[in-house]
Amino acid sequence: MGSGWHEWPLMIFTVFGQCVAGGFIVLALALLKGDLRAEAQQRVIACMFGLWVLMGIGFIASMLHLGSPMRAFNSLNRVGASALSNEIASGSIFFAVGGIGWLLAMLKKLSPALRTLWLIVTMVLGVIFVWMMVRVYNSIDTVPTWYSIWTPMGFFLTMFMGGPLLGYLLLSLAGVDGWAMRLLPAISVLALVVSGVMSVMQAQSWQLFIVLCSRPQRWCRTMVR
């Protein structure tokens, strides 16, 4: 049995992608609804750089998992037909729109209206990116542990666990404070608790599935009821 080290690049890409999407939503909401002064807003935008560093590391890790950068480019050949192609395409668009918009915002080349549009569009792209990650696994019916409701729940719970904490860290670095900041760790803790409960429920559901499969007659009686 392998050690599983070859899966670490994929895990880094997946977890970093989910956390960056969640973290961006936190920072974007702070800019849109936080009633921050212009100087504070610019500090928040500057701290967004951390998000794009993590996203870049995630994409580098994904290329290591695929073996070479060319395989990553080739995987885009079936956008619309392949879940893997959709994942890489949606992640690339999220990274590109977010990164280019961030650079323009840093250089103060975006009007308030354009910056608002950029923040909203990038938030939506982040959620789409996480959903496309889900579809890579949730569309494979030959792997029962992936082909279930637990996969999308787990992915989005990771976004709610890591995103608020990452957002809290970056907002703290930007010198932002307020009552809403104190809610971010609570959101992550709540997501962690829900994830723990979900893990127990998932384990119990699979135990029941195994029992029913090992006893077909019991399965039939259950279906009749």
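Keep in mind that glycine also has a Cβ here, set from the backbone N, Cα and C atoms.
The transmembrane segment feature in TrEMBL is assigned to 12-32 (among others).
Using a Cβ-Cβ cut-off under 8 Å and counting only residues 6 or more beyond its ends in the same chain, the transmembrane segment (44-68) has close neighbours at 6-10, 12-14, 16-17, 19-20, 23-24, 27, 30-31, 36, 75, 88, 91-92, 94-95, 98-99, 102, 105-106, 166, 169-171, 173-174, 176. Taken from TrEMBL, the feature transmembrane segment applies to 44-68 (among others).
The transmembrane segment annotation in TrEMBL covers 88-105 (among others).
Feature annotation from TrEMBL assigns transmembrane segment to 117-137 (among others).
For 149-171 (among others), the entry in TrEMBL reads transmembrane segment.
Summarising the annotation, TrEMBL assigns transmembrane segment to 183-201 (among others). For the transmembrane segment (183-201), the list of distant contacts is 26, 150, 153-154, 157-158, 160-162, 164-165, 167-168, 171: same-chain residues at least six beyond its ends, Cβ to Cβ under 8 Å.
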Report, as numbers and ranges, every residue of the chain located at least six residues beyond the transmembrane segment (149-171) whose Cβ falls under 8 Å of a Cβ in that stretch; write 'none' if there are none.
14-15, 18-27, 30, 44, 47-48, 50-51, 54, 130-131, 133-134, 137-138, 181, 184-185, 187-188, 190-192, 194-195, 198, 202
